[in-house]
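The signal peptide annotation in TrEMBL covers 1-29. Per TrEMBL, domain 'Lysosome-associated membrane glycoprotein 2-like luminal' is recorded for 47-196. As annotated by TrEMBL, disulfide bond applies to Cys170-Cys207. Per TrEMBL, the feature transmembrane segment maps to 214-237. According to TrEMBL, the domain 'Lysosome-associated membrane glycoprotein 2-like transmembrane' annotation covers 216-247.
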Amino acid sequence: MTQIGGVQPVFLAVTVHLILATVLHQTFATVTPPVTTAVPHKEPGRPDQGDYQVTSSNGTVCFLASMGLQLNITFNSTSQNKTLQEVINIQPNRTKSSGSCDTSSALLTLTTDAEKTNLTFVFALNTTSNKYHLSEVSLSAALSDMKETFVAQNHSLDYLRGTLGFSYMCRERQTLGVTPDFAINTFQVQVQPFGVTGKQFAAAEECQLDKDDMLIPIIVGAALAALVLIVLSAYLIGRKRSHAGYQSI
(Lines of atoms letter the chains of each structure in order from A and count residues from 1; the text may use other names and numbers.)
(Lines give C-alpha, C1' and ligand atoms only; values in the text may rest on other atoms or scores of the structure.)
Protein backbone atom coordinates (compact mmCIF):
# COMPACT_ATOMS: atom_id res chain seq x y z
CA MET A 1 0.00 0.00 0.00
CA THR A 2 1.27 3.47 -0.81
CA GLN A 3 2.01 5.63 2.25
CA ILE A 4 1.79 9.42 2.20
CA GLY A 5 4.83 10.87 3.89
CA GLY A 6 4.50 8.56 6.89
CA VAL A 7 1.11 10.10 7.84
CA GLN A 8 -0.84 6.86 7.68
CA PRO A 9 1.20 4.88 10.27
CA VAL A 10 1.19 7.84 12.67
CA PHE A 11 -2.56 8.31 12.30
CA LEU A 12 -3.19 4.61 12.86
CA ALA A 13 -1.10 4.62 16.04
CA VAL A 14 -2.89 7.69 17.41
CA THR A 15 -6.31 6.26 16.54
CA VAL A 16 -5.63 2.91 18.22
CA HIS A 17 -4.26 4.72 21.28
CA LEU A 18 -7.42 6.85 21.59
CA ILE A 19 -9.74 3.86 21.26
CA LEU A 20 -7.81 1.82 23.85
CA ALA A 21 -7.66 4.75 26.25
CA THR A 22 -11.41 5.31 26.05
CA VAL A 23 -12.24 1.63 26.53
CA LEU A 24 -9.86 1.31 29.48
CA HIS A 25 -11.33 4.44 31.08
CA GLN A 26 -14.80 2.93 30.90
CA THR A 27 -13.59 -0.39 32.26
CA PHE A 28 -11.95 1.06 35.35
CA ALA A 29 -14.73 3.57 36.07
CA THR A 30 -16.87 0.92 37.75
CA VAL A 31 -16.11 0.42 41.43
CA THR A 32 -15.53 -3.29 41.95
CA PRO A 33 -15.81 -5.15 45.26
CA PRO A 34 -12.76 -6.70 46.89
CA VAL A 35 -11.77 -10.17 45.67
CA THR A 36 -12.98 -12.98 47.92
CA THR A 37 -12.31 -16.70 48.10
CA ALA A 38 -15.96 -17.55 48.59
CA VAL A 39 -17.72 -20.11 46.41
CA PRO A 40 -20.00 -18.11 44.08
CA HIS A 41 -23.59 -19.05 43.38
CA LYS A 42 -25.13 -18.54 39.96
CA GLU A 43 -26.26 -14.94 39.58
CA PRO A 44 -29.99 -14.33 39.15
CA GLY A 45 -31.29 -12.40 36.17
CA ARG A 46 -31.41 -8.63 35.95
CA PRO A 47 -33.43 -7.24 38.89
CA ASP A 48 -36.74 -5.47 38.40
CA GLN A 49 -36.82 -1.69 38.51
CA GLY A 50 -38.14 -0.32 41.80
CA ASP A 51 -39.57 3.14 42.42
CA TYR A 52 -39.11 4.41 45.97
CA GLN A 53 -39.80 7.66 47.78
CA VAL A 54 -39.43 9.26 51.18
CA THR A 55 -41.95 11.69 52.63
CA SER A 56 -40.87 14.47 54.98
CA SER A 57 -42.59 15.37 58.25
CA ASN A 58 -44.77 17.97 56.48
CA GLY A 59 -46.14 15.36 54.05
CA THR A 60 -44.17 16.33 50.94
CA VAL A 61 -41.95 13.94 48.97
CA CYS A 62 -38.31 14.79 49.68
CA PHE A 63 -36.41 11.79 48.23
CA LEU A 64 -36.97 9.95 44.96
CA ALA A 65 -35.19 6.80 43.78
CA SER A 66 -35.70 4.48 40.83
CA MET A 67 -33.30 1.55 40.46
CA GLY A 68 -32.78 -2.17 40.14
CA LEU A 69 -30.70 -3.60 42.99
CA GLN A 70 -28.71 -6.75 43.69
CA LEU A 71 -27.08 -7.59 47.00
CA ASN A 72 -23.73 -9.35 46.67
CA ILE A 73 -23.12 -11.00 50.06
CA THR A 74 -20.38 -13.34 51.29
CA PHE A 75 -21.47 -15.36 54.34
CA ASN A 76 -20.97 -18.62 56.23
CA SER A 77 -23.42 -21.30 55.09
CA THR A 78 -25.08 -23.55 57.66
CA SER A 79 -26.09 -26.31 55.24
CA GLN A 80 -22.77 -26.48 53.36
CA ASN A 81 -20.49 -25.49 56.24
CA LYS A 82 -18.40 -23.17 54.08
CA THR A 83 -18.26 -19.60 52.86
CA LEU A 84 -20.64 -18.76 50.02
CA GLN A 85 -21.15 -15.74 47.81
CA GLU A 86 -24.84 -15.07 47.22
CA VAL A 87 -26.30 -12.56 44.75
CA ILE A 88 -29.85 -11.56 45.69
CA ASN A 89 -32.28 -9.46 43.69
CA ILE A 90 -34.32 -6.87 45.57
CA GLN A 91 -37.94 -7.43 44.51
CA PRO A 92 -39.79 -4.09 44.45
CA ASN A 93 -43.26 -5.62 44.87
CA ARG A 94 -42.12 -7.10 48.18
CA THR A 95 -40.18 -4.07 49.38
CA LYS A 96 -41.25 -1.15 51.55
CA SER A 97 -39.46 2.18 51.62
CA SER A 98 -39.08 4.62 54.49
CA GLY A 99 -36.63 7.28 55.58
CA SER A 100 -36.12 10.91 56.46
CA CYS A 101 -34.78 14.17 55.00
CA ASP A 102 -33.21 17.34 56.34
CA THR A 103 -31.15 20.17 54.90
CA SER A 104 -27.85 18.28 54.67
CA SER A 105 -28.69 14.55 54.78
CA ALA A 106 -31.29 12.18 53.37
CA LEU A 107 -31.94 8.57 54.36
CA LEU A 108 -33.70 5.80 52.42
CA THR A 109 -34.36 2.40 53.99
CA LEU A 110 -35.64 -0.55 51.97
CA THR A 111 -37.23 -3.37 53.95
CA THR A 112 -37.89 -6.68 52.21
CA ASP A 113 -38.00 -10.47 52.65
CA ALA A 114 -40.69 -10.28 55.35
CA GLU A 115 -38.66 -7.59 57.16
CA LYS A 116 -35.63 -9.89 57.41
CA THR A 117 -33.56 -7.66 55.14
CA ASN A 118 -33.01 -3.95 55.73
CA LEU A 119 -30.88 -1.89 53.34
CA THR A 120 -30.21 1.76 54.15
CA PHE A 121 -28.72 4.49 51.94
CA VAL A 122 -27.58 7.81 53.39
CA PHE A 123 -26.83 10.80 51.15
CA ALA A 124 -24.92 13.84 52.37
CA LEU A 125 -25.14 17.35 50.93
CA ASN A 126 -22.28 19.85 51.02
CA THR A 127 -24.18 23.10 51.46
CA THR A 128 -21.14 25.12 50.36
CA SER A 129 -20.57 23.43 47.00
CA ASN A 130 -24.21 22.24 46.58
CA LYS A 131 -22.89 18.75 45.76
CA TYR A 132 -24.33 15.54 47.20
CA HIS A 133 -23.14 11.92 47.28
CA LEU A 134 -23.94 8.52 48.74
CA SER A 135 -21.95 8.62 51.97
CA GLU A 136 -23.24 5.63 53.97
CA VAL A 137 -24.70 2.19 53.36
CA SER A 138 -25.77 -0.38 55.92
CA LEU A 139 -27.34 -3.82 55.57
CA SER A 140 -28.91 -6.29 57.94
CA ALA A 141 -29.97 -9.62 56.40
CA ALA A 142 -31.12 -12.90 57.89
CA LEU A 143 -31.17 -15.54 55.15
CA SER A 144 -32.31 -19.03 56.03
CA ASP A 145 -28.89 -20.59 55.32
CA MET A 146 -26.86 -18.08 57.35
CA LYS A 147 -25.26 -19.16 60.60
CA GLU A 148 -25.98 -15.69 61.96
CA THR A 149 -27.53 -12.43 60.81
CA PHE A 150 -25.36 -10.69 58.26
CA VAL A 151 -24.52 -7.11 59.19
CA ALA A 152 -22.39 -4.69 57.14
CA GLN A 153 -21.98 -0.92 57.11
CA ASN A 154 -19.67 1.76 55.80
CA HIS A 155 -19.88 5.43 56.80
CA SER A 156 -17.19 6.82 54.49
CA LEU A 157 -18.39 6.15 50.95
CA ASP A 158 -18.35 8.51 47.96
CA TYR A 159 -20.69 7.18 45.24
CA LEU A 160 -23.53 8.52 43.08
CA ARG A 161 -22.32 12.13 43.08
CA GLY A 162 -24.76 14.82 41.97
CA THR A 163 -25.58 18.50 42.14
CA LEU A 164 -28.38 20.14 44.14
CA GLY A 165 -31.30 20.85 41.82
CA PHE A 166 -30.49 17.87 39.58
CA SER A 167 -31.03 14.14 39.82
CA TYR A 168 -28.25 11.60 39.36
CA MET A 169 -28.66 9.01 36.60
CA CYS A 170 -26.63 6.00 35.48
CA ARG A 171 -28.07 3.53 32.98
CA GLU A 172 -25.03 1.26 33.06
CA ARG A 173 -24.59 -1.40 35.72
CA GLN A 174 -22.41 -0.29 38.61
CA THR A 175 -20.90 -2.31 41.43
CA LEU A 176 -20.56 -0.34 44.66
CA GLY A 177 -18.16 -1.95 47.10
CA VAL A 178 -19.29 -1.41 50.71
CA THR A 179 -17.23 -3.89 52.77
CA PRO A 180 -14.96 -6.83 51.84
CA ASP A 181 -17.97 -9.17 52.06
CA PHE A 182 -20.73 -6.92 50.73
CA ALA A 183 -21.34 -4.96 47.53
CA ILE A 184 -24.38 -3.59 45.72
CA ASN A 185 -25.03 -3.95 42.00
CA THR A 186 -27.16 -1.10 40.66
CA PHE A 187 -29.04 -1.06 37.33
CA GLN A 188 -30.67 1.91 35.60
CA VAL A 189 -30.38 4.04 38.71
CA GLN A 190 -31.82 7.52 39.13
CA VAL A 191 -31.87 9.23 42.50
CA GLN A 192 -32.66 12.68 43.84
CA PRO A 193 -32.15 12.94 47.59
CA PHE A 194 -32.51 16.74 47.77
CA GLY A 195 -34.55 19.48 46.14
CA VAL A 196 -37.47 17.34 44.97
CA THR A 197 -40.38 19.34 43.53
CA GLY A 198 -43.80 17.95 42.64
CA LYS A 199 -42.91 14.26 43.08
CA GLN A 200 -40.84 14.31 39.87
CA PHE A 201 -37.16 13.95 39.13
CA ALA A 202 -35.34 17.10 38.11
CA ALA A 203 -33.14 17.16 35.01
CA ALA A 204 -30.58 14.37 35.22
CA GLU A 205 -26.80 14.54 35.40
CA GLU A 206 -25.51 11.39 33.69
CA CYS A 207 -22.69 9.32 35.12
CA GLN A 208 -19.32 9.01 33.40
CA LEU A 209 -20.05 5.40 32.42
CA ASP A 210 -23.03 6.52 30.34
CA LYS A 211 -21.01 9.30 28.70
CA ASP A 212 -18.20 6.88 27.84
CA ASP A 213 -20.68 4.36 26.47
CA MET A 214 -21.94 6.98 24.01
CA LEU A 215 -18.45 8.27 23.20
CA ILE A 216 -16.84 4.99 22.15
CA PRO A 217 -19.03 4.36 19.04
CA ILE A 218 -18.46 7.97 17.94
CA ILE A 219 -14.67 7.65 18.24
CA VAL A 220 -14.60 4.27 16.50
CA GLY A 221 -16.84 5.50 13.69
CA ALA A 222 -14.77 8.65 13.17
CA ALA A 223 -11.54 6.63 13.17
CA LEU A 224 -12.86 4.16 10.59
CA ALA A 225 -14.11 6.99 8.37
CA ALA A 226 -10.71 8.69 8.55
CA LEU A 227 -8.94 5.44 7.69
CA VAL A 228 -11.12 4.96 4.62
CA LEU A 229 -10.32 8.48 3.44
CA ILE A 230 -6.58 7.95 3.95
CA VAL A 231 -6.57 4.64 2.06
CA LEU A 232 -8.61 6.12 -0.79
CA SER A 233 -6.35 9.18 -1.00
CA ALA A 234 -3.23 6.99 -1.00
CA TYR A 235 -4.68 4.83 -3.77
CA LEU A 236 -5.59 7.80 -5.98
CA ILE A 237 -2.20 9.49 -5.49
CA GLY A 238 -0.44 6.20 -6.23
CA ARG A 239 -2.36 5.78 -9.48
CA LYS A 240 -1.65 9.37 -10.48
CA ARG A 241 2.08 8.88 -9.94
CA SER A 242 2.03 5.62 -11.92
CA HIS A 243 0.39 7.29 -14.91
CA ALA A 244 2.78 10.24 -14.70
CA GLY A 245 5.71 7.80 -15.00
CA TYR A 246 4.62 6.57 -18.49
CA GLN A 247 6.14 8.26 -21.55
CA SER A 248 4.55 8.30 -24.97
CA ILE A 249 6.61 6.77 -27.87
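Cβ atoms are placed via backbone N, Cα and C, with glycine included.
TrEMBL: automatically predicted annotations, no manual curation.
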DSSP composition of the domain 'Lysosome-associated membrane glycoprotein 2-like luminal' (47-196), residue counts helix/strand/coil, works out to 3 helix, 97 strand, 50 coil
CB neighbours within 10 A of Cys207 (disulfide bond), counting all protein chains shown, number 22
So Cys170 (disulfide bond), by the Cβ count within 10 Å over all chains shown, scores 22
